[in-house]
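Participant: The following block contains the structure, expressed as structure tokens.
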Amino acid sequence: MGLEKKSALLEDLIEKCGGCAVVDGGFATQLEIHGAAINDPLWSAVSLIKDPELIKRVHMEYLEAGADVVVTSSYQATIPGFLSRGLSMEESESLLQKSVKLAVEARDRFWDKVSKTSGHSYNRALVAASIGSYGAYLADGSEYSGSYGEDVSLDKLKDFHRRRIQVLVEASPDLLAFETIPNKLEAQACVELLEEENVQIPAWICFTSVDGENAPSGESFQECLETLNKSNNICAVGINCAPPQFMDNLIRKFSKLTQKAIVVYPNSGEVWDGKAKKWLPSQCFGDAEFEMFATKWRDLGAKLIGGCCRTTPSTIKAISRDLKRR
């Protein structure tokens with residue numbers, strides 16, 4: 001299936017959902033709720049090694065909550081990260097592919113069950129392969145600063161992402177999801193890689209924001225979106241892992257800057273200290289607030305809405321209930 005037909009899958013899903021589809025929620029934090037120990041440089045990806053069945057269980061929980069798109073557990077799954085744990089190249093690549101296979105297996109099992117039930121309100125979900133930023137691999141909080149240092153060039157970022165993208169594409173997800181991109185340079189690297197590798201799977205690119213106005217690097221989103229807007233490989237652009245209170249302004253901003261579908265999946269409002277590796281006391285929003293937010297974000301122009309860190313299947317159920325209330 002070529003890029004055009006794959007892109008149509010997302011467009012058709014959004015249409016079936018009444019104009020706005022539901023993305024799943026926080027994955028790593030849901031693993032923690034089930035007792036997984038993920039205080040590790042690999043973060044949620046460590047469960048690909050230790051407990052793949054738990055990963056499938058979390059996917060199922062989000063599907064049952066009403067997610068139309070499930071995102072794989074590969075956000076912090078990188079070949080250099082696996083190699084540093086003593087795994088071979090073959091084992092590292094196999095784990096990356098496993099992240100997609102687990103999500104696909106969960107999606108297919110869930111759909112096989114509910115599609116036989118009359119009157120259900122579910123859609124056959126799409127699987128998006130998560131690709132975390134270079135800063136996520138560094139695990140030093142730089143995905144929230146955009147400061148990679150002068151020695152990190154466009155070519156270095158492409159070299160970092162290339163093999164991971166190749167391996168994930170070989171596993172045949174429906175979408176690629178580049179997440180918490182902090183600067184224009186990495187966004188450009190991702191777009192150029194998709195073209196260089198002739199990737200026939202549509203992708204979204206999500207930035208994050210620490211001020212509600214710009215990318216973490218300080219670059220304007222107008223600058224960041226220039227390359228993305230010209231790419232046929234990019235089906236959607238947006239924001240993830242930023243506070244919910246930033247979304248109204250950012251959706252309005254993106255609506256003026258792009259014709260691409262807009263995707264937003266904020267965190268719960270809590271703030272992660274990437275250096276101290278802990279959540280800081282801050283305003284936290286619950287399911288009732290997210291239910292209200294979802295209506296507003298849809299009305300402002302978002303086409304895909306979900307949750308990131310510290311959101312749960314309960315959050316996604318509230319969002320789904322609201323958006324699918326015709």
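Here the Cβ of each residue, glycine as well, is placed from N, Cα and C on the backbone.
According to Swiss-Prot, the domain 'Hcy-binding' annotation covers 9-323. Here Swiss-Prot flags Cys241, Cys308, Cys309 as Zn(2+) binding site, drawing on sequence analysis.
What does the local environment look like for each feature on the list?
Facilitator: This prediction places the mean pLDDT of the domain 'Hcy-binding' (9-323) at 94.
Look at Cys309 (Zn(2+) binding site): DSSP puts it in coil. Within 10 Å of the C-beta of Cys309 (Zn(2+) binding site) there are 22 other C-beta atoms, taking all protein chains into account.
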Participant: Among all the protein chains here, how many other CB atoms are within 10 A of the CB of Cys308 (Zn(2+) binding site)?
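Facilitator: Result for Cys308 (Zn(2+) binding site): 28 other Cβ atoms within 10 Å.
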Participant: Counting across all protein chains present, how many other Cβ atoms fall within 10 Å of the Cβ of Cys241 (Zn(2+) binding site)?
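Facilitator: That number is 23.
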